[in-house]
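*Asks:* After the structure tokens below, expect a handful of questions from me.
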Amino acid sequence: MHPLLVKSFAKINLGLLITAKRQDGYHTLETIFAPINWYDTIEFSDSEKISMSCSNSDLPVDDNNLCIKAARSLQQFAAVRKGIAMKLQKQVPFGAGLGGGSSDAATVLRVLNELWKVNASPAELHALAVKLGADVPYFLSMKGLAYATGIGDELDDLALTLPYYIVTVFPEEHIATVWAYKNFYSRFDRELPDLKKLLSELCLSGKKEGLPAFENDFEPAVFDHFPAVRKVKLTLLEAGSIFSSLSGSGSAVFGLFEREDEALAAMKLLPEAYRKNLTPPGFCMAQ
């Protein structure tokens, strides 16, 4: 086969409400996943064994890497002995709350299901994806906005598009998801907003009154421990963002802007060392 190059897009969380802690230690949540035009690329080539290389030397390329785990899980599921060589060009920051590793794993499952002619059903691929990580099912089966519950693996595809420019900023702080879950300030007894209804009003009618309800429960603890991350949010709001929030467990922060010129101006106000991305209105991963 000729080498195959595939994009793996990242996401932000528009609201992330942690609703309970299960007996197995996992937390349930409600969130809206929104895709952004920030992506890694993976090149797939023929090989007798499963292997990978990565442009970022800080990431492992052994069995601890999610791409390798995804390939091996499909190999075991299908009882095939085929291999693959993967070259990961890492652009999405890791430890940022943008789901870069989960997206890469989903890409591997989807591509190898075709290349190896496994023909696993969507339900079978979903089951493999959940074992790799809570965000992996979103990247496997969704292209645009999605409402997620459970541990993030129960998904409702929303026939909506976000009519705003999204500025996403990585302030060069890596925050482990395990740390975030250990340190967030729990509020399990509150009344929860209807995120789907509020999002529909925002996307279809432009009603912004519900935006404050899209809280991220990791944000208070992250901001207390990482003041540079808090400063990014304040800068985006001062620059005209109609809403700004931490994404996932951080440290990436995003802002919604009504005008492209405001979004571009906001990006220039942030330190040059911070990695930044601009996503246009209505973006979906099928583009």
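Glycine too: its Cβ is placed from the backbone N, Cα and C atoms.
Per Swiss-Prot, the feature active site maps to K11, D135. Under the heading ATP binding site, Swiss-Prot lists P93, F94, G95, A96, G97, L98, G99, G100, G101, S102, S103, citing sequence analysis as support.
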*Asks:* K11 (active site): which of the binding-site residues P93, G95, G97, G99 is the nearest Cα neighbour?
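*Replies:* Nearest by Cα distance to K11 (active site): G99.
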*Asks:* Taking the center of the Cβ atoms of P93, F94, G95, A96, G97, L98, G99, G100, G101, S102, S103 at the recorded ATP site, which other residues in this chain have a Cβ no more than 8 Å from that point?
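*Replies:* For the ATP site, the extra neighbours are A10, V92, G248, A252.
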*Asks:* Take the C-alpha atoms of G99 (ATP binding site) and D135 (active site) and report the distance between them in angstrom, rounded.
*Replies:* 7
*Asks:* What's the number of neighbouring CB atoms sitting within 10 A of the CB on G95 (ATP binding site)?
*Replies:* 19
*Asks:* Let me spell it out: for each of the binding-site residues (P93, G99, G101), count the other Cβ atoms within 10 Å of that residue's Cβ, using every protein chain shown. Which one has the most?
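*Replies:* Selected residue: G99.
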*Asks:* D135 (active site) to S103 (ATP binding site): how many Å between their Cα atoms?
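*Replies:* Distance between the two Cα atoms comes out at 8 Å.
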